[in-house]
Amino acid sequence: MSICTTLNPPNRIFNRVNFLYSFYTFSSSCSVQTLEFQEEYTTHKPDYRELQSRMQGYATSGCLQKAIETLNTMSTCVPGKPTVYDYNSLIYCCFKSKDLFIRDLAEVYNWMKRFGPFPNGLTYNTLLNGLLSLGYLKDALFVFEEMCASGFVPSFSLLSKILKISLKCGSLGDSLGVLELMLRLGCFPSEPTVNLLISNLSKGGLIREAYLVLCVLLGKGYLQGAYSFNPILWALCKSDQSYTALALVGFLKKKGLVHNVCSYTALVYGFSRERLWEEAFHCLKTMKVDGFSPNGRAYTSVIKFLCDDGKIGEALGLLEKMEREGCNPDLLLFNIVLRELCHQNMVVEIGELVQFIDWKGLSPDPFTHAALAGGLLKQGKIGTAKKLLVDIISKDLVVDAAVYNIYLHALCREHKVKEALSLIKMMMGLGFRPNNITYNTILKGLCEENDIEQALEFFDRTEWAGHGPDIISFNTILSAACKQGNSPMIRRILYRMEYEGIKLNAVSSTCLIQYFCRIGRIPECLKLLESMVCNGPGPSLVTFNTLMSNLCKSRLLCTAQQIFRYMKSSGFVPDVITYNILIRASVREDNDLLVDHLLREMYSQRLKPDAVTYGSFIFGLCKKGKISVALQLRDQMCKHGITPNIGIYNTLMEAMFKRGGWWREGLSRANLGWILKLEEFKHCLDIADPWIFCRNLTGNDTSYRKSNSPMGSKNR
């Protein structure tokens, strides 16, 4: 199979239709006579050497017209001249000139083809080398085609040169064409050049073509090193085709090719990326069996994706193992782990890891600061994050835009947008250059304060970096307008997006679906979803969840089920949020059969119930008056490490008070105090003073908090 045919680029080599326009137009500037020129030589008849030297001098100086006139004089003064070698000399000297016009040189080539002397192999070699040295790859490839069509065989060095330059320019189709010709002629490019071709094809997403090149060269017994096929392995693993990569490793092993650490690292990365942990750890073990020690990149791949998946315990264990085996973690890896520790609010572990980093002699960089502050901010520790950032900035430590953006985000979370704007102005005076993330942070802060008009004003007067506001900017303000049901503002934003040439994406369309649901126009929601499926942008899982949630709120559970079935048939995998939406609606409508079906399906997908799932079941039990069972379910979720949220406690208390005689359920004051968890949920309760509420319940003191209460002990 032809290597070129696998790519089929639009301007494929051997199928081009033009070199330069001037190669197809013949100019009369090459004519032989001017009266002044004839008169100049009436008294002196120069010899061939003199004319040749004069012609070369003119050509080197960029006077192509005079050089051609000299060649024409040569034809009248010296029999049999000029020859093709004189024209070759002219072309060679032209390329040495600083004032070369390719169009003029094209006329010379065109003259030779039409009137002679006909170009020979040296002509083509001279043209090719000159054009390639000047960077005219497309023109050189045309001459290359002409050379082959005229029956001349390019030299190996020339073919190698064209291949290398085409690879450097990123012209993969031309590179494949040159390689095909080399193989037909029995020539093999150097192994580094082939490796670069395979690597560029793999990085460009042309994995099939890269594999074909590999197989062709393997079939000829040319390639033996892992550097040739590792780029293909990495491309497969980065595109979620790790099992295909594993099969390729097995195939190449049978061919006798030796793998290296990089080969196994690619597989470890791919399986970790796809969350196939068993396969990833098996690859790490296989590396050791085959005599390779996992390197830092292999460990970093696994730990990074473990942290992304929330498996911080496994990540810390692997970090310790890495240290025991003498593979020193770098600051990048520590930053990854630090960020996840902050996300999970593991304060003790954060302190220990920071001390360990210091013990290793590593200095925190901007990424370390961003990891700590970003993790704290994500956990809602706004004050702590802000204090850390102020401390970092005040100590004149090296900080980048990311750290400043996190600090601005912290200010906006505290509803201090004006302070954030003032800070930006001050920092700009010190040389700070805000980027789109900076402005989008401010824009989001304004939208969260429900100040859409000011947000739009900020949007219009901001000098956006790069090419102006991006899709995130538009989605931020569009989302706020949709949540408010602000139709005029939505129209203004959509018109502005059209003017800026920015198309709606899945997030934008999801915002519009939420808007239509908010104003009760469900049919428009369904039409918009249908349009997304048929015309794009394709809906995401969030789109389906948003629509189903609003359908369930509108008591349209049957329609939500239809959307759910369609979503699964379209290849989307439901998540916990999807099942929680449907379970909650089913519980509210007392559809026990559907609840049972959804729960079984949820477990079959290896999805674990979260606090929202338990909350739905507790709501259903309390609705039926089964408060004791609901309390048992609450205890069960605590045993599974899931902390009940404030909504669950509100549901339990509401059911108890509605029923009356809450003590009959075996609840003492101490037990009720444990349910309330007022110290923990004080900021969540929708009452002015939780302790007043508590005294109304239990008397004038808070003795219900004492676990050794005689009454509580007796009731328990």
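Glycine too: its Cβ is placed from the backbone N, Cα and C atoms.
Whatever TrEMBL says is automated annotation, not expert-curated.
The repeat 'PPR' annotation in TrEMBL covers 120-154 (among others).
Per TrEMBL, the feature repeat 'PPR' maps to 260-294 (among others). In this model, the repeat 'PPR' (260-294) carries an average pLDDT of 89.
Under the heading repeat 'PPR', TrEMBL lists 295-329 (among others). Assigned with DSSP, the residues of the repeat 'PPR' (295-329) fall into helix, strand and coil as follows: 26 helix, 0 strand, 9 coil.
Among residues of the same chain six or more beyond the repeat 'PPR' (400-434), those with a C-beta under 8 A of the stretch's C-beta atoms are 366-367, 369-370, 373-374, 377, 382, 385-386, 389-390, 392-393, 441-442, 444-446, 448-449, 465. For 400-434 (among others), the entry in TrEMBL reads repeat 'PPR'.
The feature repeat 'PPR' is assigned by TrEMBL to 435-469 (among others). With DSSP states grouped into helix (H, G, I), strand (E, B) and coil, the repeat 'PPR' (435-469) comes out at 23 helix, 0 strand, 12 coil.
The feature repeat 'PPR' is assigned by TrEMBL to 470-504 (among others). In the repeat 'PPR' (470-504), helix, strand and coil residues by DSSP number 28 helix, 0 strand, 7 coil.
Taken from TrEMBL, the feature repeat 'PPR' applies to 505-539 (among others). Secondary structure counts, DSSP: the repeat 'PPR' (505-539) has 27 helix, 0 strand, 8 coil.
The annotation repeat 'PPR' is assigned in TrEMBL to 540-574 (among others). With a threshold of 8 Å between CB atoms, the same-chain residues lying at least 6 positions outside the repeat 'PPR' (540-574) that come near it are 506-507, 509-510, 513-514, 517-518, 520, 522, 525, 529, 532-533, 581-582, 584-586, 589, 591, 594, 605.
Marked as repeat 'PPR' by TrEMBL: 575-609 (among others). If one looks beyond the repeat 'PPR' (575-609) by at least 6 residues along the same chain, the residues whose Cβ comes under 8 Å of a Cβ in the stretch are 541, 544-545, 548-549, 552, 555, 557, 560-561, 564, 567, 616-617, 619-620, 623, 637, 642.
For 610-644 (among others), the entry in TrEMBL reads repeat 'PPR'.
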Remote residues contacting the repeat 'PPR' (505-539) - C-beta distance under 8 A, at least 6 residues beyond either end: 471, 474-475, 478-479, 481-483, 485, 490, 497, 546-547, 550-551, 553-554, 556, 559, 563, 570
Beyond the flanks of the repeat 'PPR' (295-329) by at least 6 residues, Cβ under 8 Å: 261, 264-265, 268-269, 272-273, 275, 277, 280-281, 284, 287, 336-337, 339-341, 343-344, 346, 349, 360
